[in-house]
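Participant: Mind looking over this structure? Questions follow.
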Amino acid sequence: LTGVLDDCLCDIESIDDFNTFKIFPKIQKLQERDYFRYYKVNLKRPCPFWADDGHCSIKDCHVEPCPESKIPVGIKAGSSNKYSKAANNSKELEDCEQANKLGAVNSTLSNQSKEAFIDWARYDDSQDHFCELDDERSPDAQYVDLLLNPERYTGYKGPSAWRVWNSIYEENCFKPRSVYRPLNPLAPSRGGLEFDGLFSWTGLCLEKRVFYKLISGLHASINLHLCANYLLEETWGKPRWGPNVKEFTRRFDPIETKGEGPRRLKNLYFLYLIELRALSKVAPYFERSVVDLYTGNGHEDAESKALLLDIFRDTKSFHMHFDEKSMFAGDKKGAKSLKEEFRLHFKNISRIMDCVGCDKCRLWGKLQTQGLGTALKILFSEKEIQSLPENSPSKGFQLTRQEIVALVNAFGRLSTSIRELQNFKVLLQQTR
């Protein structure tokens, strides 16, 4: 996999070098910090689109919630918006943040209330959420320690998993006219991949191409994690996890996928570029002294913020960023309509994650879609970020702690995917 990516001026080799030597080691360290390792999630929300298939009973699908006693006091002390010490002490800031939060959680509000909160917060269309957010106050929402519940192959596959991805691609994605897709495992066939002519972008504008590549890149990244952390064998009741070259080849080899595998991997690089761009754009939000990454441990909080700002400096130094200004740049009415369509499609995809039957897969699916949704929210809020006040929260642009944790961990997963791809290159050379 080499050369320049479509729809941008960046080459794969530059991303590989930048990720390996600058980003990957730092983002790994950041994900181990208390602020970023605890994620609050509701894994019991019913699937809104079809009757539940029942949950996966494989033991590796299980997610172990974190006991309350283990959660840092500054994280569990209040609402997810409380990322700074000041916000944990100030009633005025709390009221301000609570109103912003109510404006965001619009699926449970009457139309009249929604309009009132949106008017109060003066959010424009770019500020709307791209993801369906979990209600963190629900008794079913629990903190999960991401380090103790790593993303890996669990054995969850077949009709249930196929239906989730099929719904994403066929019903919620702007798809190229022809593309190889795994056949329905429920249909009587000899398996393999379907094909309906040459791959073609005909009729898809830049924005729709970008949307498809983001979803395909996310799918490729998740598949890479499963191939790299595969259950190889179980000896004396102890599982051994590691890279599975055969599984990697099945999902990405040009011959086995009839040319589709390399395109999927290029889409992974494209997604990496989009989230990298979002991190470079949101830096001013975190550079303000009002943002603490508050856990209650002053020394740890200062170190976490220093490491995060160091990563932001690296993202800004990258010289081949994707230019998001090329998107939604047509006539205002058409651009606004397209942006809304883009947002609603993505929001639906975030809701489909509640249909994943394996808890561990659902956890990481929800986190990674929320991370990408947060990246899109950032890219479409540049003016609001640039006009942030230094010493107080902004009504125009805010991130909840959940969004911050999802953003960093989702990008960490992409960074890991690109690193794992280098490992598979070596392993493939050894097996030839």
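Backbone N, Cα and C atoms are what each Cβ position is placed from, and that goes for glycine too.
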Participant: Have a look at TrEMBL and say which candidate in C355, C361 forms the disulphide with C358.
Facilitator: C361
Participant: Please report how many Å separate the Cα atom of R251 (FAD binding site) from that of C61 (disulfide bond), as a whole number.
Facilitator: 21
Participant: Which binding-site residues (R152, W165, H219) fall within 10 Å of C358 (active site, nucleophile) by Cα distance?
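Facilitator: For C358 (active site, nucleophile), the binding-site residues whose Cα atoms are within 10 Å come to none.
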Participant: C-alpha of R152 (FAD binding site) to C-alpha of C361 (active site): distance in Å?
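Facilitator: So the alpha carbons of R152 (FAD binding site) and C361 (active site) sit roughly 8 Å from each other.
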Participant: When the number of other CB atoms within 10 A of each residue's CB is tallied over all shown chains, which of the binding-site residues T154, S216 has the maximum?
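Facilitator: Comparing the binding-site residues T154, S216, the most crowded Cβ belongs to S216.
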Participant: Would you mind listing, in sequence order, the residues at least six apart from H219 (FAD binding site) in the same chain with a Cβ closer than 8 Å to its Cβ?
Facilitator: W165, I168, R264
Participant: If you count, for each of the recorded positions C61, C358, C361, the other Cβ atoms lying within 10 Å of its Cβ, which residue has the minimum?
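Facilitator: Comparing Cβ neighbour counts within 10 Å for the recorded positions C61, C358, C361 gives C61.
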Participant: Return the count of C-beta atoms lying within 10 angstroms of the C-beta of R251 (FAD binding site), excluding that atom itself.
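Facilitator: A 10 Å sphere around the Cβ of R251 (FAD binding site) contains 21 other Cβ atoms.
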